[in-house]
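To start, the structure itself, in structure tokens.
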Amino acid sequence: MTSETTVNLLDFDAEGLVAYCGSLGEKPFRAKQLQRWIHQYNAGDFDGMTDLAKSLREKLKGRASIGMPEIASDHVSTDGTRKWLIDVGNGNAVETVFIPEETRGTLCVSSQAGCAVNCRFCSTGKQGFSRNLSTAEIIGQLRMAEFALRASLGRAPGPNGKAERVVTNVVMMGMGEPLLNYSAVVPAMRLMLDDNAYGLSRRRVTLSTSGVVPMMDRLGAELPVALAVSLHAPNDPLRDELVPLNKKYPLRELMAACQRYLKVAPRDFITFEYCMLDGVNDTEAHARELLAVTRDVPCKFNLIPFNPFPESGLIRSKPEQIKRFAQVLIDAGVVTTVRKTRGDDIDAACGQLAGAVKDRTRLAERTGAAGKIIEVRAI
């Protein structure tokens, strides 16, 4: 936790850090130096920033800090997925999940403590909404994960070349609706893309939204990254039930927003995420209806087997039904994947990011809810 009298430098993107250095009477190049020390060399204090003038280091000591997330627990799944539970104060916790694969390492980042959208199939929404995360709390998840993973592999901090980087992709798919925390999420994503910080390409940063149409347009104008849309239903009555935000931004408006976004997006398609719910949205008729509603949007489908939790009253679609549903889409020429469930033994699978505890304020119980905390090993 940082002192209330100091500024957390993790809250600044490049432009903000230049402005802050200017307020100290320093030139813009000092901001780049600071940014590299913080985001590439994992500096925890100012004494080791040897290319900064001693006078600047002394100024920073009295005015600024590099505040990092407080890790409450650190779990590794049997499949290599790693989940950090982060204490964000006042009994609230968020989760960050790293998914290792042969050709990439994907970090799933949270943007809010809880979520107000309250999708019926997502356990995070059932814990209610507490607050938005700050830019520091969002980018701090990437900083914490990248350097923890490097340490586990014996890799030293330093400029993020391809050979050194562990996190190659970031997905804003953790707890919360990112576009309802726009003012903090966008500076964090700017840092993810900045060559003086993490240097990821726009194609490797994906924001997932339940469909906040005005903010989709704003994101397209200001920082178009890869976009995923939590669709989950092929018609308005069903989506109203599963994704309550649909009552405000129905499918016709959402599809139009997707078309507008694609004019500026780094990828030439939208990824539509679709949680497979037995007897609810998983028939071949639903698949055909889905093709019709998305016909004017270049897209691919990511079918997500539902991860059950007691309060939902829902059941995962049977594997054979998921295959039949997918085949309808594939036969129509649409790229379709079925998400492999990862990290479900540590409650890190999609839709499980509330863990096993209903009350989001019971951090002590929740810390151990996913099972025994095991020794972190190399991935």
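These residue numbers are counts, starting from 1, taken along the chain as shown.
Each residue, glycine too, has its Cβ placed from N, Cα and C.
S-adenosyl-L-methionine binding, as stated in Swiss-Prot, involves Gly176, Glu177, Ser230, Leu231, His232, Asn307; the candidate among Ser183, Ser208, Ser317 given for that site is Ser208. DSSP assigns His232 (S-adenosyl-L-methionine binding site) to coil in the three-state reduction, placing it in neither a helix nor a strand. Note on Cys115 ([4Fe-4S] cluster binding site): other Cβ atoms within 10 Å of its Cβ, all shown chains, come to 26.
If you measure from the Cα atom of Cys122 ([4Fe-4S] cluster binding site) to that of His232 (S-adenosyl-L-methionine binding site), you get 11 Å. Packing around Leu231 (S-adenosyl-L-methionine binding site) is summarised by its Cβ count: 29 other Cβ atoms lie within 10 angstroms of its Cβ, all protein chains included.
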